[in-house]
Amino acid sequence: KFALFSVLTLLSFHAVFSFTPLHTQHPLDPITKEEFLAVQTIVQNKYPISNNKLAFHYIGVDDPEKDLVLKYETSPTLISIPRKIFVVAIINSQTHEILIDLTIKSIVSDNIHNGYGFPVLSAAEQFLAIDLPLKYPPFIASVNKRGLNISEIVCSSFTMGWFGEEKNSRTVRVDCFMKESTVNIYVRPITGITIVADLDLMKIVEYHDRDTEAVPTAENTEYQVSKQSPPFGPKQHSLTSHQPQGPGFQINGTSVSWANWKFHIGFDVRAGIVISLASIYDLEKHKSRRVLYKGYISELFVPYQDPTEEFYFKTFFDSGEFGFGLSTVSLIPNRDCPPHAQFIDTYIHSADGTPIFLENAICVFEQYGNIMWRHTETGIPNESIEESRTEVDLAIRTVVTVGNYDNVLDWEFKTSGWMKPSIALSGILEIKGTNIKHKDEIKEEIHGKLVSANSIGIYHDHFYIYYLDFDIDGTQNSFEKTSLKTVRIVDGGSKRKSYWTTETQTAKTESDAKITIGLAPAELVVVNPNIKTAVGNEVGYRLIPAIPAHPLLTEDDYPQIRGAFTNYNVWVTPYNRTEKWAGGLYVDHSRGDDTLAVWTKKNREIVNKDIVMWHVVGIHHVPAQEDFPIMPLLSTSFELRPTNFFERNPVLKTLPPRDFTWPGCSN
C-alpha cells in the first residue's frame, strides 16, 4: 500500500500555507514550516534523540474551542486563541499523546496510549520495511526458485488489520513485485510468499513460501506516455482557457472568496484537505449566513474480498493507517487542473518531525459549461421568450495516492448555494497472480475477475465517510427525515386512485438518525428550528446522497467490526471536539472499540443541538478488463443543497457573463 512519490517542480500561480510570526494565523490554519520546526525542537528537548528512539506519526492542530473560533471570525483583533498542536509520537516503543502550546512554546500534557491500535504509519519505517526482503536469504532463495532476478524486484508494505488476536505488535505484510520491463509494478505480483515485518524490531518475523503462481507478463502494462507506440488512442485537440477579466475568486492566505461564497481551506496530515467556515451571502438579507463549520473525509475503508492467505488481511483504512495528508501528491498543471487554476502549497512532516514542502497540493479553479437555469416560453401568443444562465462553479481539488490507487477529491461550490463533494478513482487494480489464462479454465471461486492472462482483479469496496459539521444560521440545528408516502384514494372523490405525500420526523437521538438509504424515498435535511422563512419553513440544507452502497460483510467479521461506521449511510451525532475520526484515533491493528458506531451507542440527544452529520459514500468495485492496466476514472458524488434556506431562487438576478470573442475570430 505504500508507494514513493516525487515532489514535482512546477511553474504556476501559488499561494503558500506559511505565515510568520507564528501567532498571526487564523486559528484553523494548517501547520506552517516554522511551527513544525518548533514542535520538533520542543519534543526533542524533552526526549533527546541521542538517547531516545523518537518518531513523529501525527502532528496536527489541536482544534480550538468552537465558540472561540466563531468569536474570532467576527472580532479577530479582540480574541486571542492559544495555538495548540497535538502530537502522536512513538518514543522508545511507547505511543505518546503530546499536547504543545506554541504560544508559550511548552508541553501542556504528555500521556501514554495504553489502549488498542497504533498510529498512522510513517514513510520512513515503511521504506526500511520494504527493503528487508531484498536482503533476506529465504526470500532470495524463493526468488531464485522462481527464476526471477532479485535486482528487478521492488516491495511494498501493507497493514495487517486485526483478526481476533489477543496481542498485536506493529507488524506489516510486505508483498513484492516485478519492475522488469514496466513501471506498473502492482500488476506483476510475486504470489505464494508471506512476509511479515515488525516495525519496532525492523526485522522479518514470519516467512512462508507456499506455492508458485505465474508472474503476470509485462506486455501491454506500461502507462507512461513516453513508452507508448502507435496506434494511439482518440486524438485530443488543444483547448485554450482564458479569463479576460481574471479569475472570479480571491485567495487571501487560507481564505477563499468567490461570488457569494467565503470559506477557509485547511490541511491536515491525516485528513488532507479540510473545508471550514463556509458561509454564503444572502442578497435579500444583505448578510453572510453560516452553512458549514467544517467538512473533510474522516476515513476510507477498503476491504478486499479474497479470504485466502494471500489477501485476507487486505482491509485497509487509508486515512487512519497511511494518512490522507501524508499521501497527498503534487498536482500536475494543465493535466490534473486546467490552465487557469491557481495552486496552493503546504507542508507535511517526516518521521523525525522535519517539515516537508508539498508543492501544488491543492488547486482552485472555475468550471464553465453547465446551465444554471433556463426557460423557453412558448405559451404566450406573439411573444418569444428565451432566458438562460451559464453555470460557473468553483472547484477545490487534491489528489491522494495511497499505494496503487489515486483518489481525486473535489469540493465544488455553486452560486445557487449547492456544495458538491466528489470522488474519482484511478490508478492500478490490486492484482493477484494466477496460472489461469482464460475464463474457461476457472473451476473454483477466484474472488475477482480475470482481467488479463494470469491476472485476477480482486473484488473490493471503497467506503469514504465524510465529516460534515453543519452550522445552518448558527450552531443549534436538528435533523429531519421527510418520508414520501403513497396514499390510496378510497372514497371515490377523485378519478385518481392514489397520490403521494410527505411525513416529516425530527430525529430526537442518535439512534433515530441512523439512516440506511434504499428504495424508500426520503428527504434528509439539517434545519435550524429557531429560524424560519417568511412563509414559516425552517431554514435548512438537504443531503442529496451518493448512489448508496452497503457493506456486504457480516457484522461479526473482524474488518467490519473495525469499519462499523459503514453500517449506515448517514449518522448524526452531537458535536464533540474529540470525535473526529470515524474509525478511531488509532486505526492500525485497531479492534473497533473507538469508532462512530461505538460513540452512537450512547444515544445522545440531537434536537436543537450543535450536530454533525456523517455520510458514507461507497463503491462496490467489480473489476473489468477496461480497468487494466490502469483505470479510467470511476467517480461518485453527493450534494448539499439549500432547502428553504433562501426566500426564493438566490440566482434569479444573476446576469449572464459578457460574451468574449478573440481578436481576429468570428462566430
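Think of each number as a place in line: the chain as shown, counted from 1.
Using the three backbone atoms N, Cα and C, a Cβ is placed for every residue, glycine included.
Features as listed in Swiss-Prot:
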type     : residues                               : note
SIGNAL   : 1-18                                   : signal peptide
DISULFID : Cys155-Cys176                          : disulfide bond
REGION   : 216-246                                : region 'Disordered'
COMPBIAS : 218-229                                : compositional bias 'Polar residues'
BINDING  : 316-327, 402-407                       : substrate binding site
ACT_SITE : Asp318                                 : active site, proton acceptor
DISULFID : Cys337-Cys363                          : disulfide bond
ACT_SITE : Tyr405                                 : active site, schiff-base intermediate with substrate
BINDING  : His460, His462, His621                 : Cu cation binding site
BINDING  : Asp469, Phe470, Asp471, Asp610, Ile611 : Mn(2+) binding site
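Sequence features annotated in Swiss-Prot and their locations in the structure.
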residue: Cys155; record: disulfide bond; CB count, 10 Å: 20
residue: Phe316; record: substrate binding site; CB count, 10 Å: 27
residue: Ser319; record: substrate binding site; CB count, 10 Å: 30
residue: Phe322; record: substrate binding site; CB count, 10 Å: 29
residue: Cys337; record: disulfide bond; CB count, 10 Å: 21
residue: Cys363; record: disulfide bond; CB count, 10 Å: 23
residue: His460; record: Cu cation binding site; CB count, 10 Å: 24
residue: His462; record: Cu cation binding site; CB count, 10 Å: 22
residue: Asp469; record: Mn(2+) binding site; CB count, 10 Å: 21
residue: Ile611; record: Mn(2+) binding site; CB count, 10 Å: 27
Q) Taking each of the recorded positions Asp318, Asp471, Asp610 in turn and counting other Cβ atoms within 10 Å of its Cβ, which one has the fewest? A) Asp610
Q | Contacting positions for the region 'Disordered' (216-246) when only residues 6+ beyond its ends and CB under 8 Å are counted | A | 178, 180-184, 187-189, 338-340, 366, 431, 433, 452-455, 629-630, 660
(Q) List the residues in the vicinity of the Mn(2+) site, defined as same-chain residues other than Asp469, Phe470, Asp471, Asp610, Ile611 with C-beta within 8 angstroms of the site's C-beta centre. (A) Tyr293, Ile472, Thr475, Asn477, Val526, Tyr575, Val612, Met613
Q: In whole Å, note down how far the CA of Asp471 (Mn(2+) binding site) lies from the CA of Asp318 (active site, proton acceptor).
A: 28
Q.
I need the CA-to-CA distance for Asp610 (Mn(2+) binding site) versus Phe316 (substrate binding site), whole Å please.
A. 31
Q.
If I take the Cα of His462 (Cu cation binding site) as reference, which of the recorded positions Cys176, Ser319, Phe322, Cys363 has the closest Cα?
A. Ser319
(Q) Out of Tyr405, Phe470, which of these binding-site residues shows the lowest number of other CB atoms within 10 Å of its CB? (A) Tyr405
Q) Hey, does DSSP put Ser319 (substrate binding site) in a helix, a strand, or just coil? A) helix
Q) For His621 (Cu cation binding site), which residues in the same chain are close in space, meaning a Cβ under 8 Å from its Cβ, but six or more apart along the sequence? A) Tyr459, His460, Asp461, His462, Leu634
Q. Given Ile611 (Mn(2+) binding site) and Ser319 (substrate binding site), what distance in Å do their CA atoms have, once rounded to a whole number?
A. 23
Q: Compare the Cα of Cys337 (disulfide bond) against each of the binding-site residues Ser319, Asp469, Asp471 and report the nearest.
A: Ser319
Q: Out of the recorded positions Cys155, Cys176, Asp471, give me the one sitting nearest to Gly325 (substrate binding site) by CA distance.
A: Cys155
Q.
Which secondary structure state does DSSP assign to Asp610 (Mn(2+) binding site), in the simple three-class scheme?
A. coil
